[in-house]
């Protein structure tokens, strides 16, 4: 594989995470405007975003098999057509059913793209380089989470309709579409050359279950928290711009945290530092929820930084539970994380409707505590210490 081809594939991976990040994170910013557009209460409007998350979940789950049947380049190009149709549906329809369908299609497209992005990184890089590349790739999720809420606040403050936010997100996929030209993708399944000897199957072990629960609770907690921060902040008397700034601050420090931890993690045992980070994140989230308005930006900045490496470390630890990194195992943990994404508004919507945004934030805090417990318990059963040493060379 040529170096320019590897660079193109790596950038497709980066942008695939940015696309999913933009779609998922911008929800909290535009939810109120979309609720007004359809004349619905915010809590019931949030349920329709479950279609976006369901699309992401279904596509990541199915793509473990689809990648072996349909070439990756074909999937990405077909995804671009679906993206254009979905954004057009949002712009020209006033029907809630069509809005839900468009959200589902956007979820399908971003889930397929993200699973391809994750697969490409695990194929292109090995050993410790894989972990740091995955962390750097995941930082594009946060970068989109920092940029697009600011774009949304800029457009909404100027009374520009909410659907233009999704048109802007579509530009990320346009870049992916352009990169597919003149680019060779790894072949899989029936398209691949079967020269290698089959790899013996390994049992996953109970550590994978702990990591799967941690992945689900972490993503559900993180998105449950960040989706309702704008509404919570507005309830405290903050302006839309200040509320948006809290979300952007979180993702900005999350992004810087990922860059920092891609260097820091190599000096520590991954399970131990993951447990410490999960504990610190749970405490910082509690301080944000119970703290004064003046301290909120500082708590959310430090929360973003210290929680940045948690999810990627969970995935990396998962890949180290077997001697040979299993794509299905990694996909299983990714799927559990995506179930957390799908459940975000299913779980938090009724809580907000019944008890308000602060109750949703406290629920998220409880989920972070579960992540800490799972990571701590993993220390007694993890196999990463016996499997990760060869990867270091």
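Any Cβ shown, glycine's included, is placed from N, Cα and C.
For the transmembrane segment (11-31), the list of distant contacts is 42, 45-46, 49, 52-53, 56, 76, 106-107, 109-111, 113-114, 116-118, 120-121, 136-138, 140-145, 147-149, 152-153, 156, 162, 165-166, 169, 172-173, 175-176, 179-180, 183, 223, 226-231, 244, 247, 251, 341: same-chain residues at least six beyond its ends, Cβ to Cβ under 8 Å. The annotation transmembrane segment is assigned in Swiss-Prot to 11-31 (among others) on the grounds of sequence analysis.
Feature annotation from Swiss-Prot assigns transmembrane segment to 51-71 (among others); the stated evidence is sequence analysis.
When Cβ-Cβ distances below 8 Å are used as the criterion, the transmembrane segment (78-98) is approached by residues 38, 40, 48, 105-106, 108-109, 112-113, 163, 166-167, 170, 173-174, 176-177 of the same chain, each at least six residues removed from its ends. The transmembrane segment annotation in Swiss-Prot covers 78-98 (among others).
The feature transmembrane segment is assigned by Swiss-Prot to 101-121 (among others).
Look at Swiss-Prot and you will find 134-154 (among others) tagged as transmembrane segment.
If you look at the transmembrane segment (162-182), the same-chain residues 6 or more away from its ends with a CB under 8 A from one of its CBs are 8, 11-12, 15-16, 18-19, 22-23, 26, 29-30, 33-34, 37, 73, 76-77, 79-80, 83-84, 87, 90-91, 106, 109, 113, 144, 148, 151-152, 155-156. Summarising the annotation, Swiss-Prot assigns transmembrane segment to 162-182 (among others).
The transmembrane segment annotation in Swiss-Prot covers 206-226 (among others). Cβ atoms under 8 Å from those of the transmembrane segment (206-226) belong to residues 24-25, 28, 145, 247, 250, 278, 285, 307, 310-311, 314-315, 317-318, 321, 329, 332-334, 336-341, 343-344, 347-348, 360-361, 363-368, 370-371, 374-375, 377-378, 381-384 of the same chain, restricted to positions at least 6 beyond its ends.
Sequence annotations record features per position, and here Swiss-Prot assigns transmembrane segment to 245-265 (among others) based on sequence analysis.
As annotated by Swiss-Prot, transmembrane segment applies to 273-293 (among others), with the evidence given as sequence analysis. Remote same-chain residues near the transmembrane segment (273-293) are listed as 214, 218, 225, 236-238, 264-265, 299-300, 302-303, 306-307, 309-310, 313-314, 317, 358, 361-362, 364-365, 368-369, 371-372, 375-376, 378-379 (criterion: CB distance under 8 Å, separation of at least six residues from the stretch ends).
The transmembrane segment annotation in Swiss-Prot covers 298-318 (among others), and the record cites sequence analysis as its basis.
The annotation transmembrane segment is assigned in Swiss-Prot to 332-352 (among others) on the grounds of sequence analysis.
For 361-381 (among others), the entry in Swiss-Prot reads transmembrane segment. Residues 205-207, 210-211, 213-214, 217-218, 220-222, 224-225, 228-229, 232, 271-272, 274-275, 278-279, 281-282, 285-286, 288-289, 307, 310, 317, 347-348, 351 of the same chain lie 6+ residues outside the transmembrane segment (361-381) yet bring a C-beta within less than 8 angstroms of a C-beta in it.
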Contact call for the transmembrane segment (134-154) and the transmembrane segment (298-318): at least 3 Cβ pairs under 8 Å, seq gap 6+: yes
Contact call for the transmembrane segment (51-71) and the transmembrane segment (245-265): at least 3 Cβ pairs under 8 Å, seq gap 6+: no
Contact call for the transmembrane segment (245-265) against the transmembrane segment (298-318), three or more Cβ pairs under 8 Å: yes
